[in-house]
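Chemist: The following feature annotations were taken from TrEMBL:
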- 513-522: compositional bias 'Acidic residues' (COMPBIAS)
- 23-507: domain 'Major facilitator superfamily (MFS) profile' (DOMAIN)
- 510-530: region 'Disordered' (REGION)
- 21-48: transmembrane segment (TRANSMEM)
- 68-87: transmembrane segment (TRANSMEM)
- 99-118: transmembrane segment (TRANSMEM)
- 162-189: transmembrane segment (TRANSMEM)
- 212-231: transmembrane segment (TRANSMEM)
- 349-366: transmembrane segment (TRANSMEM)
- 372-391: transmembrane segment (TRANSMEM)
- 403-422: transmembrane segment (TRANSMEM)
- 442-463: transmembrane segment (TRANSMEM)
Amino acid sequence: MTQELGVLNALDVAKTQWYHFTAIIIAGMGFFTDAYDLFCIAVVSKLIGRIYYYTPGSSRPGSLPPNVSAAVSGVALCGTLAGQLFFGWLGDKMGRKKVYGITLILMVVCSFGSGLSFGHSAKATMTTLCLFRFWLGFGIGGDYPLSATIMSEYANKKTRGAFIAAVFAMQGFGILAGGIVALIVSAAFNNRFSAPSYEIDPVGSTVPESDYVWRVVLMFGAIPAGMTYYWRMKMPETARYTALVAKNAKQAAADMSKVLQVVVEAEEEKLEKILNTNKNNFGLFSRQFLKRHGLHLVGTTTTWFLLDIAFYSQNLFQKDIFTAIGWLPPAKTMSALEECFRIARAQTLIALCGTVPGYWFTVALIDIIGRFTIQLIGFIMMTIFMFAIAFPYNHWILKENRIGFLVMYSLTFFFANFGPNSTTFIVPAEIFPARLRSTCHGISAAAGKAGAIIGAFGFLYAAQNPDRTKTDLGYPPGIGVKNSLIALGCINFIGSVLTLLVPEPKGKSLEELTGENEEPEVEAVGQQQV
């Protein structure tokens, strides 16, 4: 027998209203900032290397040593993983709204702190930068489970997938904005403080004012986050948390009456009946959870883990791939600011052609063809395009074939975002019970970030040329870009197989998916006999 609270049913059948778009914007701007902060470092890391690690007399410009490069790129991901687990758990204990403001404050403070990383030496500056980026990542980590959970609990069941996808799609605009801001700032400084190439004047190729460029780019991420703080604090707690976790039917009905602008009955007796069934009281480490949701959690964690190995490898090290195929000229033929500008331009083009469109295809089609289909097709197409780039790799590095490479590379991003990068975020916010929803989403997201860390640290070394004389300064020989791309293709294929563990939530209410509106038949019969 199923029984559903009127307040939750009102949310499920509500027509798309202004409050839905408000929630998308409030949650989405957090994700805009998340993506901007995580990926903008890729644009400016070579500039930072030139400024702080120049070696007098060297034939090549300064570059971040392997351990420093890995730390600068990966430390925010480590913070994100920790934040996803901590704030995911806290969101189920304290409520989504109470924790939501804390994550935003962390993001704003640490974005500014990253740009204000100073020290008497390169080591001191990088240490300070890594410290701020870890805590920045910690705040970003909290945004993942909270934004997804809040949007899923506010949405109606007909368009829930599109609403959660729209929040996540702001990540695409964040990546795009990272490229555009770096493009504008580096162009402005290069125009004002023009410099010769490194091979002409090694010292003069990096003007002192270059140090402002990466700082401005990193600090810009605080602006959109700070603008949404007031509105985050004005949002009421979600009715599903208030009713099913905090057990306050009266408050849930009052909050949603204001949001939906209709009268909603409290139904306290019905809530008590639902909550008192043993079926709805199991914990995360219980046999009931394992039986009902164990395979689901395995599916959401493993697919997100595998996806992020490939996705973050591609995103964080685009500049290395572009250099390897000759799309970016050798660093010594450019000044520091010109190199930053060209890297930013390349990232912006990829984001514009492949990344952003993929997200919005998901928004348009997810409630039509479903999460499972999109994720499966995405993984398979990513596998195909990775192999199509990798196996004829020597073909793509020829100058006349670079446009073809750009198209193929963009398509891998398109199918990542019109595919598992979106669905791995959406599904964990739908298929777990309200009292464990934020925690399980945090666990799934943390598994993804573990994959991202492997991608960030591993690809950095793996993609190095097998020929020791052609590796980047300080790196040991690797397996090369070609073999690294083949490995990523294999990872995507395994992801498509593990997608079979993930259920299809399309068109169902959250309580239908989790069984929170069901009353055990046996118990009902027993009560009648008494």
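Cβ coordinates come from backbone N, Cα and C, glycine included.
Note that TrEMBL annotation is computational and uncurated.
For the listed features, I'd like the structural context: burial, neighbours, distances.
Modeler: Beyond the ends of the transmembrane segment (21-48), by six or more residues, the same chain brings 63-64, 69, 72-73, 76-77, 80, 103-104, 107, 111, 114, 133, 136-137, 140, 143-144, 147, 150-151, 154, 163, 166-175, 177-179, 181-182, 186, 210, 213-214, 217-218, 220-222, 224-225, 227-228, 231-232, 235, 315-319, 331, 336-337, 339-340, 343-344, 347 to within a C-beta distance below 8 angstroms of the stretch.
Outside the transmembrane segment (99-118), and at least 6 residues removed from its termini, the chain residues within Cβ reach (under 8 Å) are 30, 33-34, 37, 83, 87, 90-91, 124-126, 128-129, 132-133, 135-136, 138-143, 146, 150, 214-222, 225-226, 228-229, 232-233, 235.
For the transmembrane segment (162-189), the list of distant contacts is 20, 23-24, 27-29, 31-37, 39-40, 43-44, 47, 147-148, 151-152, 154-155, 207, 209-210, 212-213, 216-217, 220, 315, 337, 340-341, 343-345, 347-348, 351-352, 355-356, 358-360, 362-364, 366-367, 417, 422, 425-426, 429-430: same-chain residues at least six beyond its ends, Cβ to Cβ under 8 Å.
Beyond the ends of the transmembrane segment (403-422), by six or more residues, the same chain brings 165, 168-169, 172, 303-304, 307, 310-311, 314, 321, 325, 327, 349-351, 353-359, 361-362, 365-366, 374-375, 377-379, 381-382, 385-386, 388-389, 396-397, 495, 499 to within a C-beta distance below 8 angstroms of the stretch.
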